Amino acid sequence: MVVKSICCLGAGYVGGPTCSVIALKCPEIKVTVVDKSKERIAQWNSDKLPIYEPGLDEVVKASRGKNLFFSDDCDAAIVEADLIFISVNTPTKTFGNGKGRAPDLKFVEGAARMIANVAKSNKIVVEKSTVPVNAAESVMKILKANQRPGVSYQILSNPEFLAEGTAINDLLNADRVLIGGEETAAGEAAIEELCKIYEHWIPRKKILTTNTWSSELSKLAANAMLAQRISSINSLSAVCEATGADITEVARAVGLDSRIGPKFLQASIGGSCFQKDILNLVYICECLNLPHVAAYWQSVIDMNQHQKHRFTAKVIESLFNTVSGKNICILGFAFKKNTGDTRESAAIYVSKTLIDEGASIKIYDPKVEKPQIYEDLKYVGVTDEQFQRHVTICNDAYLATKECHAVVLCTEWDEFVTLDYEKIYDQMMKPAHMFDGRKILDHNNLLRIGFHVETIGSRLGQPFKNRRYSINPQVV
Ligand SMILES: NC(=O)C1=CN([C@@H]2O[C@H](COP(=O)(O)OP(=O)(O)OC[C@H]3O[C@@H](n4cnc5c(N)ncnc54)[C@H](O)[C@@H]3O)[C@@H](O)[C@H]2O)C=CC1
Ligand SMILES: O=C(O)[C@H]1O[C@H](OP(=O)(O)OP(=O)(O)OC[C@H]2O[C@@H](n3ccc(=O)[nH]c3=O)[C@H](O)[C@@H]2O)[C@H](O)[C@@H](O)[C@@H]1O
């Protein structure tokens, strides 16, 4: 089979950018990205794409209408395609067996059933979604049980490693592409077809082929190990705050060891897309009767949660243990800069806690709009009444900080670094508090202006005061 037509089920943060790059790099292949959400497809066909991602507009515009199409006619795209990516969401289950831990595979199963129902010719079906190990077996069972005579399938695992905010660059310059498949002649032929697509722009030596299960597990392993680094540095940030060490200095000193490396050692307020995937791994370990392994990875999640609690507790404690009736500005609502995605964002937890404590919050994020913030807060239990009375969404940072007692910086947007903090200080209530949850601001400048500044992993302006411990207990 020579792949002439590709279909992608799921036009989200992964399906959209990934297939746009494939279309750009493989002009001879027709790429159709479909979604069951008509609204999302209409946005992909409009001037305002449904997701914000630097460089995405240009890539989409270069191919849309030529060899890149966005459609809600899933069946037609499946029928036409030689190769189908399943790029649907795999959220954590919210009910039933495995609630709060296991991934909900209903969308993957739904995608497999859609393919089985309409396919009239042989297909290579590619798992792009992040799934548990052995998920390909379930997909194959569904396809085989509903197979039309003369139609055969090959299932490949091709997990995606892009990070939001840098997706286009990550896709164009991937560290590696991973393809897992059956260790049979037909499996190897299918792997080869997918390799040929990536080889349009990825050097062959960066395309790694494995068996299906290694590929599925490698995706969970990569995310788990990235999350583990963040949890490790965040755990040490607490030690820094208690001792006068500075986490930036510690991270630099540690990261210069070439065995450790400098990346992913930025302490912050925690919160990320990783949680669902690590929970997925924990659940697999529990099901495999590996309780110690499960507990090990669970602790990575726990540390991430702890960091959010610790930071929010610090905000409240610094504001004289009460935020009731106070105005607090939340700068940034996305889970990281350069994306409008708020899934698992620490800002949601911080906002919810401050609202529950009676604060009024004013939120500004350059890319997250009011309906999304409303949905996120509602999901964690903020009532409509609380939203009306205690939440204001602002269109710029100066409006959001006006007459506030404190600013809590939750997302590291570049524009927050260059704000006029003298102006912000002048229009705030005094004492004016600044909580930098991302360690991006010039703290000395803020202290000079008059702010009370708190951040993660270092004590500002009071390095050795209130020391709560001694390595020699007699000295205390
Ligand atoms: N967001 C990210 O940065 C990354 C996500 N992943 C994984 O990729 C997968 C997709 O993630 P996102 O793109 O972020 O999710 P998303 O929620 O942005 O998009 C998924 C889309 O699939 C659609 N969908 C669900 N069932 C469908 C069906 N049967 N037919 C057609 N469309 C259907 C939904 O309507 C939705 O628009 C997940 O497994 C995720 O863990 C992997 C790497 C990076
Ligand atoms: O499978 C996924 O969903 C993706 O998850 C992450 O990508 P993403 O969540 O988009 O973004 P990251 O850059 O990894 O950041 C995750 C969170 O960790 C935080 N982070 C990151 C790095 C760091 O040093 N410190 C830190 O606190 C970020 O601010 C963010 O809140 C991985 O980096 C991707 O490789 C993976 O494909």
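Indices start at 1 and increase along the chain as displayed.
Any Cβ shown, glycine's included, is placed from N, Cα and C.
Per TrEMBL, the features are:
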- 10-15, Asp35, Arg40, 88-92, 129-130, Glu164, 273-276, Arg343: NAD(+) binding site (BINDING)
- Cys273: active site, nucleophile (ACT_SITE)
- 329-443: domain 'UDP-glucose/GDP-mannose dehydrogenase C-terminal' (DOMAIN)
Return the residues near Gln275 (NAD(+) binding site), defined as same-chain residues 6+ apart in sequence whose C-beta is under 8 angstroms from its C-beta, sorted by sequence, else 'none'.
Thr92, Ala227, Ile301, Asn304, Glu344
Using a Cβ cut-off of under 6 Å to any atom of ligand 1, determine which of the binding-site residues Asn89, Thr92, Gln275 qualify.
Asn89
Which binding-site residues, if any, among Gly10, Tyr13, Asn89, Thr92, Glu164, Gln275 have a Cβ under 6 Å from ligand 2, given in order along the chain?
Glu164
So if I measure Cβ to Cβ from Gly10 (NAD(+) binding site) and keep only same-chain residues at least 6 apart in sequence, which ones fall under 8 Å?
Val33, Asp35, Phe85, Ile86, Ser87, Val88, Asn89, Phe107, Ala111, Lys128, Ser129
Using a Cβ-Cβ cut-off under 8 angstroms and a sequence gap of six or more, which residues of the chain neighbour Tyr13 (NAD(+) binding site)?
Ile51, Glu53, Glu164, Ala167, Asp341
For Glu164 (NAD(+) binding site): DSSP state (helix, strand, coil):
coil
Neighbour count (Cβ, 10 Å) for Thr92 (NAD(+) binding site):
18
So for Asn89 (NAD(+) binding site), how many other CB atoms are inside 10 Å of its CB?
18
Conformational class of Gln275 (NAD(+) binding site) under the three-state DSSP mapping:
helix
Do you know the DSSP helix, strand and coil residue counts for the domain 'UDP-glucose/GDP-mannose dehydrogenase C-terminal' (329-443)?
43 helix, 19 strand, 53 coil
In which DSSP state, out of helix, strand and coil, do we find Thr92 (NAD(+) binding site)?
strand
Among all the protein chains here, how many other CB atoms are within 10 A of the CB of Asp35 (NAD(+) binding site)?
24
